[in-house]
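Features of the protein shown, as given by Swiss-Prot:
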| type | residues | note |
| --- | --- | --- |
| ACT_SITE | 151 | active site, proton donor/acceptor |
| DISULFID | 92-417 | disulfide bond |
| DISULFID | 124-129 | disulfide bond |
| DISULFID | 184-231 | disulfide bond |
| DISULFID | 233-238 | disulfide bond |
| DISULFID | 279-292 | disulfide bond |
| DISULFID | 281-290 | disulfide bond |
| DISULFID | 318-335 | disulfide bond |
| DISULFID | 421-446 | disulfide bond |
| CARBOHYD | 50 | N-linked glycosylation site |
| CARBOHYD | 58 | N-linked glycosylation site |
| CARBOHYD | 63 | N-linked glycosylation site |
| CARBOHYD | 68 | N-linked glycosylation site |
| CARBOHYD | 88 | N-linked glycosylation site |
| CARBOHYD | 146 | N-linked glycosylation site |
| CARBOHYD | 235 | N-linked glycosylation site |
| CARBOHYD | 386 | N-linked glycosylation site |
| REGION | 11-33 | region 'Involved in apical transport and lipid raft association' |
| TOPO_DOM | 1-6 | topological domain 'Intravirion' |
């Protein structure tokens, strides 16, 4: 091969190699562009890890859950049809109470990011139960927890998390700005009621599916306040009770009927010498029963029951097994307010079964400690103090606090009756303990017609925390 042929051969080989290399580079560029386009499309739809998004489309809930696995966002989607929580069934027959949840929020909060809260309560849809709570805009064991014994501040918000979980920034959902609140589900969406503002002019903001739908202005300009537990829904309408006026004298009380977040009717109770605060309400056979707190002059609990047209009856639980705190020792009851130790009070609940009543109360007669459930077979109408069942929930040596009712509808449980349940707040910190903060955890129980056990399920946190020393 002469020199010219060698040059031509080498040139040809180089040209072939160059063309192959160019084709490989073009293929690589195309591959990168296609891969980038696919990733960009997925990222446009995805949200951060473990975040749930609910989209409402033509009366169908689309429940979307995003799970982050090795930096790849996978979207799973399940359509869930909405229902109407009828509330027409009767309360389930029960013989005792089975423990349902315990969040251990204070114990976990000594080392983890847990909200400073008070007034927790539970409410259930046809799909899930959630714990609602009023935060103080602060975390446990942090400087902003100082002074959180205060009830009403602009930093308080209503938030919620899955039942049984400690309330933290990582699992909680903002609901409303509020220092007094209620929430419930009608089978289609969550209704939240959050009261905030000055004592002499607070406003309740109603939200339905997270959107503001109505407001209620304080009508007596004296600390408008509501239940601190779930509202009650029947046949697509939800009902709540609000108070406006003195905490130690005659106040004004209204029942509100709400549909899809808008007030459609209200009635003011004609209730002289009655005092209603922080009512615990539940549906039973298509009507609503609320058992409340008398902070004026009763150591037994007032009640109001009403139908869907807001036609109501009022009274006091007659039993000599008194349900408020402070209270006298059990004795002879009254179907009106029992005056001894009647001033002040604590949020509580009871469940009516015919002439009988399940009474939840603190074990102590003068401090917020201990908790027990008592069945008085004649206590709704009879004034004696005889009872047939007592179930221990929290020992008298451990702190308790507010308590309230919630229910699980047949659409959730699959049984043909409404299951009665209750929660107990376990308050820790100020004013009884040497801390700079006040907060609480919670436990809950549901009624069953099978074996149960009495025990003590206390908060269990060891105080003080590092921030308190």
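Note that Cβ sites are derived from N, Cα and C of the backbone, with glycine treated the same way.
On its own chain, residue 292 (disulfide bond) has 241, 276, 277, 278, 279, 280, 301, 302, 303, 304 as residues at least 6 apart in sequence with a Cβ closer than 8 Å to its own Cβ. Reported as a whole number, the C-alpha separation between residue 88 (N-linked glycosylation site) and residue 146 (N-linked glycosylation site) equals 46 Å. Per-residue pLDDT, averaged across the topological domain 'Intravirion' (1-6), gives 60.
A 10 Å cutoff on Cβ-Cβ distances gives residue 238 (disulfide bond) a total of 29 other Cβ atoms nearby, all chains included. Separating the Cα atoms of residue 421 (disulfide bond) and residue 238 (disulfide bond) is a whole-number distance of 18 Å. Comparing the disulfide-bonded residues 124, 184, 281, 417, 446 by how many other C-beta atoms lie within 10 angstroms of each C-beta, the top residue is 281.
Comparing CA positions across the recorded positions 124, 146, 151, 290, the one lying closest to residue 446 (disulfide bond) turns out to be 124. When the recorded positions 129, 146, 151, 318, 386 are ranked by how far their Cα is from the Cα of residue 233 (disulfide bond), 129 comes first. On a Cα basis, residue 235 (N-linked glycosylation site) lies 34 Å away from residue 151 (active site, proton donor/acceptor). Of all the disulfide-bonded residues listed here (279, 318, 335, 421), the one with the fewest other CB atoms within 10 A of its own CB is 335.
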